[in-house]
Amino acid sequence: MAEEKKYSAQYVREGYTGDDVQDGTVTDNSDDLQRHLGNRQIQLIAIGGSIGTALFVSVGGALNKGGPLGMLLAYTGYSCIIALVNNSMAEMASFMPVSGGFIRMAGHWVDESLGFMAGWNFFLYEALLIPFEITALNIVLRFWRDDIPVAAVCAAVIVLYGACNILAVKAYGEAEFWLSGGKVILILILYTFTFITMVGGNPQRDAYGFRYWSNPGPIPGDSSLARFEGFLGSLWAASFCIVGPEYISMVSGEAKRPRVYIKNAFKTVYWRFGAFFILGALCVGIVLPYNDPELISVIDSGEKSAAASPYVIAMKNLGINGLPHLVNALLITSIFSAGNTYTYCATRSLYSLAIEGRAPKIFRKCTKNGVPIYCFVVVMIFPFLSFLQLSKNSANVLTWLINIITAGGIINYIVMCGTYLAFYKACKAQGLDRKTLPYCGWFQPYGTWIALCFEITVVFVYGYSTFLPGAFTLESFFTYYTMVLLAPVTFFFWKLVKRTKWLKPHQVDLVWDAPLIDAYESSFVTPPVGFWTEMLQLIGLKRNVPVDKRVV
């Protein structure tokens, strides 16, 4: 059972103890998960969930297709769209920080069938990305040497993922805190490299500035159609790279003081989009031309190692030695962190399905540390797919599977937007003033409608190249659209089996776990601590400041 504390009913209600106290029991959650993730861990998990290998490696493909201007416009525009999604998700998750996040909200506030579809879509999306990251890790190691045993690396990474996730959630949070810190250091190094070298601080003493914006030019292509298709290529890359709200939503059920810390994590997403994705796209367009021969070579060969990173290519072009090795080492921590997060989210999404009756009840079993043990066991089967890379043909199958579920991420955002619109209408119908919520989204519901329409358009047209004359094959069609087809299948399957109904605004349960969450929040006797206070405590400063003390 979740960690239990005894509180007086009057203390929880009014904030003090008295003589006429009645003892009761308040749990952290209505399920068996435990709230052990502190502020600094949540903030770094939020950063780690936003930054993946695509920001360092795959961004080269976006540069090649859209050029520096097309890529910058694509990454800026898509960041704004996901910021609108984040604005919606922040309001819901701060108000109702439940296990399973947006998956369970979809079932409770829209339709049980939507929750079923969202849960299985997210589970498959996360679980199948784990072996992909392990495969990427092996490829990155080849930057140093080719004789590293692939099977040994796969086995070691699987063991480490298991160790990080089988222990209490606090162990996962601590591991992800340090791993995500490595990502931040890597980004700062690459930004510093960009600035110093563009003003002439390189072995060639070449102050190249924004040279590549004029030669070969801002956008490739000799016609308006070609340039527009190049921009679309950058936009599809951005839709794969720019993420974040879903990961904060998934940890909200295990976060301390979620009404404060989860809200703060969502609020920092906006500046992270600017600092990481928009600025990152600008830097890539500065350090490398879109027609660089080595960049084209690695894209054509499908190489995904650190050698394919536009930053590493730029370092080689400038004759800088040593720094590419540091980038590769930090890239390894970035890839490992991504797989670790996918393992956590896949486990929690399967658990959220089980507690709502959309997966077998056996998956509700948790250890005394609050880890869904059978969900964990099932999820740990998926990393073994990484051994398929031992056979070249089988590795192609793995790549095909990963391409299939790419649309799953966009479907997640469509579900979030649809759920928020139902939540907004329910608040209006039931007289709940949204301004009283921990986080009140701005420009609602118009911002959500904009994001929803945009994401629906993207999910249907991002595979448009399949339908070009002479390009259609069944393999390419299913690569792009399997998840798009699977989503309505799972939705209508559950609707037919369970005879579920689309909830009307006045039928939506806006109370749900709110009383329990309110009581949990009221159990703290010390004020919330800031992120930098906790960081200073790591090095021995401000140890006198109490952190998240609760009445017992």
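Any Cβ shown, glycine's included, is placed from N, Cα and C.
Predicted, not measured: the structure shown is a model, and the values here were computed from it.
Marked as domain 'Amino acid permease/ SLC12A' by TrEMBL: 42-503. TrEMBL lists 44-63, 69-86, 122-144, 150-172, 184-201, 230-248, 269-290, 326-351, 371-388, 400-424, 445-465, 477-497 with the feature transmembrane segment.
Only sequence-distant pairs (6 or more apart) were considered; of these, fewer than three Cβ pairs between the transmembrane segment (150-172) and the transmembrane segment (400-424) are under 8 A, so the stretches are not in contact. Of the recorded ranges 69-86, 184-201, 269-290, 371-388, 400-424, the transmembrane segment (122-144) has the largest number of C-beta contacts under 8 angstroms with 371-388. Ranked by the number of CB pairs under 8 Å to the transmembrane segment (184-201), the listed stretches 44-63, 69-86, 400-424, 445-465 are led by 44-63. Contact between the transmembrane segment (400-424) and the transmembrane segment (445-465) is present: at least three CB pairs lie under 8 Å, with pairs separated by 6 or more positions in sequence.
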